[in-house]
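Undergrad: Dropping a structure here in structure tokens format, bear with me for questions.
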Amino acid sequence: MSEHAPLRALNTFHVEATARWLLSVHTPEALPQALAAPEIADQPLLVLGSGSNVLLAGDPPGCVLCFENRDTAIIAHHADHAIVRAGAGVNWHALVLYSLQQGLSGLENLALIPGTVGACPIQNIGAYGAQVGDFIHVVEAFDRHHQQFVRLDAAACALGYRDSVFKQQPERYLIVAVEFNLPLLCELRLDYAGIREELASMGAELARAADVAQAVINIRQRKLPDPDVLGNAGSFFKNPLLPNEQIAALQASFTDMPVYPGEHAGLGKLSAAWLIEQCGWKGRREGDAGVSPEHALVLVNYGTASGAQLLDFARRIAESVRERYSVILEPEPRIIGAHW
């Protein structure tokens, strides 16, 4: 355990912050004893994987915990699917590649999403028409309220659009591993025209899951900045889900506004990127805080922007969208050290 630990290297925005205590745990079995240390026993706890879905707008209170368990294995084979277990510290993209190498499908649309396996259920990560919740079998976690390890199935995880019980109760559950139910053959999700076009350019009209993954990798590498080069956390805002009546009223005034089906009946989804671009923010930069010129959803740190400066920049983006469209944007990353 380290005291007064710098966190710049542990978040993909590369903002400066300091942890009062930084604790690394390598196995789930070591977790209860580690959490009982007197320095942190009653302190708030922030779990950081790769720090790809947080904005440190200030120093986190209490202790920062890093899980280092990186074991991956197929734990059950069936006729048409397999159960893959991955430790919370496993790199997400590495798991996608592992599943493809084992002849399994389902995760291909989620290739190259930054972060770790332990973080994927929290946000119910999704991209290009797929979300990880469709393939989660069990989440293994330590329940701090009852001081015991628990196994939560997909229903108990309360997975929604960029939401889960882990996001709703961040102080309760510490995810130590995730089990995935992955099919041997899965109907490919090619709803996004960009993926179909990329597959055609690759000469892969009769696509396999590995081809879809490569198409997604190609698209993401073109559109999204590499966080190792330019600080960012991927998409910063959720796509707004609105009642169909409200969307119809908006489309009457803004006829070119794109609309997509929502996850539930009676709801439609707007493109946050389109809203932000229409308000003139795409490519805009103020100091070292800015919006990527390639993708309006991506907030970037060009060098030395603080978390507080990035948060202020994001708030002003959201306020301009609210004023013009009466639509409220919500951030995807968890905001630490400040309120949204």
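Glycine is treated like the rest: Cβ placed from N, Cα and C.
Dumping what Swiss-Prot says about this protein:
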ACT_SITE  ARG162  active site
ACT_SITE  SER235  active site, proton donor
ACT_SITE  GLU332  active site
DOMAIN    14-185  domain 'FAD-binding PCMH-type'
Undergrad: GLU332 (active site) to SER235 (active site, proton donor): how many Å between their Cα atoms?
TA: 7
Undergrad: Whole-number answer please: how many Å between the C-alpha atoms of SER235 (active site, proton donor) and ARG162 (active site)?
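TA: SER235 (active site, proton donor) and ARG162 (active site) have their Cα atoms 11 Å apart.
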Undergrad: Report, as a single number, how many Cβ atoms besides its own are within 10 Å of the Cβ of GLU332 (active site).
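TA: Taking all protein chains shown, GLU332 (active site) has 18 Cβ neighbours within 10 Å.
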Undergrad: Under a criterion of Cβ-Cβ distance under 8 Å and sequence separation of at least 6, what residues of the same chain contact ARG162 (active site)?
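TA: For ARG162 (active site), the qualifying residues are GLN123, ASN124, ILE125, GLY126, LYS238, GLU332.
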Undergrad: Could you say whether, by DSSP, SER235 (active site, proton donor) belongs to a helix, a strand or a coil region?
TA: strand
Undergrad: What is the number of other Cβ atoms found within 10 Å of the Cβ of SER235 (active site, proton donor)?
TA: 23
